[in-house]
Each structure stands twice: as C-alpha cells, then as structure tokens.
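Asks: In case it's useful when we look at the structure, here is the feature table from Swiss-Prot:
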DOMAIN    87-439  domain 'Protein kinase'
BINDING   Ile93, Ser94, Thr95, Gly96, Gly97, Tyr98, Gly99, Ile100, Val101, Lys117  ATP binding site
ACT_SITE  Asp307  active site, proton acceptor
Amino acid sequence: MGVANDSSPEYQWMSPHRLSDTVILGDCLYFNNIMSQLDLHQNWAPSVRLLNYFKNFNKETLLKIEENDYINSSFFQQKDKRFYPINDDFYHISTGGYGIVFKIDNYVVKFVFEATKLYSPMETTAEFTVPKFLYNNLKGDEKKLIVCAWAMGLNYKLTFLHTLYKRVLHMLLLLIQTMDGQELSLRYSSKVFLKAFNERKDSIKFVKLLSHFYPAVINSNINVINYFNRMFHFFEHEKRTNYEYERGNIIIFPLALYSADKVDTELAIKLGFKSLVQYIKFIFLQMALLYIKIYELPCCDNFLHADLKPDNILLFDSNEPIIIHLKDKKFVFNERIKSALNDFDFSQVAGIINKKIKNNFKVEHNWYYDFHFFVHTLLKTYPEIEKDIEFSTALEEFIMCTKTDCDKYRLKVSILHPISFLEKFIMRDIFSDWINGGN
C-alpha cells in the first residue's frame with residue numbers, strides 16, 4: 001500500500017497533526033500564528049449588566065463623545081474611503097451561507113460552522129484537500145488558477161463567534177436606543193434594527209461613538225462592524241433558529257486583491273483591460289482552461305465545484321505570463337492579474353467524494369452543471385455582456401434550459417456534455433486576444 005500524500009485522494013483521511021479532538025492540515029506555523037492572536041475563550045458579563053451600563057448615558061453625554069476629536073477609522077465600512085485599519089485586528093469582510101470571513105494582515109481567515117451530527121470532522125475537509133490535490137497533480141500554469149488554503153484546523157470550538165455577535169448586537173441596540181432617547185431594552189425587531197443601523201453606519205458621529213464604546217464594551221481584536229448586517233442575517237435567519245453554534249473549521253487563505261464580481265468598468269480599465277466585457281472573457285477563459293486541464297487528469301472526469309460563480313473567483317497579482325497549452329494551441333495571458341477558483345467546500349474529484357454534495361444531488365452531473373450555473377450568474381452580475389452580441393449569443397449555448405429542468409440557475413436534470421464541448425467553445429475568435437498570444 002502506497003504512502004498517502006497531499007497529491008492523492010487518500011490525503012483527506014490523514015491526520016498529520018493532532019491536538020486533543022482537533023486536527024490541523026497544512027502549515028502549522030501559519031495556523032498557530034493566527035490562533036495565537038485569537039481568544040477563543042473570551043466571554044462577557046451578562047447582558048443585563050450591559051443594559052445597566054448604558055443607563056449611565058443619555059443624549060447629552062453621547063453628544064459630548066461625538067464632539068471629541070478621536071475617531072477610529074477602522075469602524076467605517078470598508079467600502080468607505082475613510083476606512084483605514086489602524087490596528088492589527090481581524091476585520092470582518094464577508095459572511096455567506098456557510099462561512100464567516102475575516103482579514104488580518106495578508107491573511108484571510110474563514111470560520112465555518114459544521115453540522116457535526118451529519119458529518120465527522122474529516123468529512124468536512126474538501127475546501128482544503130480538493131484544491132491541494134488538484135494543485136499537486138496539474139503540471140502546467142493552470143495550477144496557478146487555484147486558490148489553495150495554507151492551513152485548516154478541524155473541529156475547533158467556535159462558540160466565541162456567536163457570543164461576540166450577540167455582544168456587539170446588544171451594544172448597537174442599546175447605543176441606538178440611547179441616541180434616540182428610547183427606553184433601553186434588549187428586545188428588537190430585525191427590520192427596525194437593520195434600518196436604524198444602516199441609516200447611521202456611515203455617519204462620522206456614529207463612528208466616533210463606536211470608537212468609544214467598541215473598545216470599552218467589546219474589548220476584542222475582532223472587528224465585526226464592517227458588513228455587520230450580513231452577520232446579522234446569518235445568525236438571525238429562521239433556518240438557524242435551533243442551530244448549535246458549537247464546532248467547526250478554521251481555514252487560512254492568502255489575501256486576494258478582489259473577488260471577480262467586484263470589478264466594474266472603471267476597475268477593469270485600471271487593471272489593463274480594454275473593456276469590462278474583455279475582462280469577463282478573461283475570467284471565463286481561465287476557468288474553462290482550468291476545467292479542461294482537470295478533466296485531462298486520470299480519474300478526474302468527475303470533478304465538480306458545485307458553486308462556480310464570480311464571487312468564488314478571486315483575483316491575484318500575476319508577475320509573469322501564464323501559458324496554457326491545449327492541443328495545437330497555446331493560450332497566453334500577459335495581464336498583470338490572474339483569476340483563481342476558490343471555495344471548494346462542496347467540490348469533489350477523483351476518489352475524494354464529498355458527502356455534502358452527494359446528499360444534495362439526485363442525478364449525475366459533470367462540468368456542464370458548473371458552467372451552466374456560471375453563465376447564468378455572469379449574465380446576472382454583468383448585464384453589460386449583452387452589448388457584445390457575439391459573446392452573449394455564444395454564452396446562451398450553456399443555458400438552453402426551462403423552469404422544468406433549472407431552478408435558481410441550477411440544473412435539476414442530468415446533462416452530461418463531454419468536455420470537448422468546452423474545448424471547442426474556447427477555440428472561437430471570441431478569445432483571439434489570448435489564443436497563441438493574440439497572433
């Protein structure tokens with residue numbers, strides 16, 4: 001029997017490092033460096049004491065704080081030009097259906113609550129093992145189009161995140177009530193709270209108040225004010241009413257420039273593209289080449305990402321040309337950025353069978369499932385594509401579907417087009433800027 005390594009499917013079942021009931025995959029130095037900056041056991045006094053604390057303030061005392069010159073610019077929203085990370089803190093950058101993501105220095109740290117009653121810790125490793133397996137088996141520059149996590153910690157106690165969220169929520173509730181001269185209460189209406197928070201979050205006076213109260217009340221190096229409404233939707237969603245925010249995984253990634261969906265016309269030009277549509281062709285072509293090269297690997301014609309869409313494609317600096325050979329052609333990318341596929345949480349390849357995807361799919365799928373969804377989301381994200389008649393017409397070949405066989409952009413029926421369909425598609429003149437270096 002061969003020795004399993006991270007280029008083999010069996011790698012996902014290995015436990016290279018053990019710490020009681022937790023496991024670390026990948027680089028322990030990266031992981032331990034991040035963990036040393038987190039207090040997983042931080043707790044706070046009961047909420048009733050926080051309520052009593054805010055009874056010491058009123059509109060007048062808050063006005064005095066607002067008149068103070070001190071302002072912590074990290075409490076502005078990150079899309080605000082006034083935002084600046086003045087501390088080495090964890091800054092909340094995103095919360096989706098399955099993960100809460102923070103940025104610290106040049107790292108991205110993702111916390112994923114796992115349904116431990118459904119899966120064992122080692123059955124939740126696809127986000128680490130699948131891209132690592134692909135990266136180690138792909139031979140050419142196509143491997144540069146994959147985001148590999150540096151490290152992943154399994155089965156960690158993550159209750160501190162939900163506790164922190166509740167503490168910040170209660171602070172914001174009481175602060176807003178004090179500003180409005182209302183009776184203090186920890187009861188809230190989701191709609192009323194979000195309206196009040198969104199009306200104030202960009203106000204310099206409100207940020208001054210946060211600069212005072214967040215350190216005093218929260219006293220944490222985890223800043224969740226940015227995109228707090230997304231975290232609110234995550235924890236308050238009715239489908240998680242009885243959810244146990246107990247254990248999950250911690251994943252360390254390199255920090256990207258942007259996700260692909262954040263690029264507009266102005267940024268596309270700034271990045272060196274002739275137009276936004278040329279940029280869209282660029283990310284489509286790179287993803288297509290990645291899939292084709294994966295399907296060339298032995299036993300990898302079952303690869304599925306299961307969530308291929310613009311916000312799961314990240315952009316990184318590219319310091320040298322990316323050259324990918326396909327049959328008698330070579331695709332040359334001289335752009336100063338590259339796109340890279342991220343978020344393999346629901347992916348599968350070769351012998352790495354993902355129970356999460358297996359339980360969700362009732363019929364067999366292949367690459368076409370991913371690109372059908374990808375094209376739908378591209379057209380939704382970028383209506384500008386319609387201005388390029390040739391490109392938009394070609395993309396429609398991926399979405400010849402009806403309500404009967406497609407639900408929310410996802411195929412419900414099995415359509416197993418061969419990968420040669422995609423190979424022929426990218427040989428068209430649509431992508432002539434990159435075929436044989438544009439010659």
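Note: Cβ is positioned from N, Cα and C throughout, glycine not excepted.
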Asks: Around Val101 (ATP binding site), how many other C-beta atoms are within 10 angstroms of its C-beta?
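Replies: Taking every protein chain into account, the count is 20.
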Asks: What average pLDDT does the predicted model assign to the domain 'Protein kinase' (87-439)?
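Replies: It averages 94.
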Asks: Between Asp307 (active site, proton acceptor) and Gly97 (ATP binding site), what C-alpha distance do you get in Å?
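Replies: On Cα coordinates alone, these residues lie 12 Å apart.
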Asks: Judged by the number of other CB atoms within 10 angstroms, which among Gly97, Gly99 is the least packed of the binding-site residues?
Replies: Gly97
Asks: Which residues, sitting 6 or more apart from Thr95 (ATP binding site) on the same chain, put a CB under 8 Å from its CB?
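Replies: For Thr95 (ATP binding site), the qualifying residues are Val101, Tyr227, Arg230, Met231, His233, Phe234.
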Asks: Inside 10 Å of the Cβ of the residue listed as 'active site, proton acceptor', count up the other Cβ atoms and send me the figure.
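Replies: Within a 10 Å radius of the Cβ of the residue listed as 'active site, proton acceptor' lie 23 other Cβ atoms.
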Asks: Using only the Cα atoms of Ile93, Ser94, Thr95, Gly96, Gly97, Tyr98, Gly99, Ile100, Val101, Lys117, which the record gives as binding ATP, return the largest interatomic distance in Å, rounded to a whole number.
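Replies: For the residues that bind ATP, the greatest Cα distance is 29 Å.
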Asks: Taking only same-chain residues 6+ apart in sequence, whose CB is under 8 Å from that of Ile93 (ATP binding site), what do you get?
Replies: Gln78, Val101, Phe102, Lys103, Val108, Asn226, Tyr227
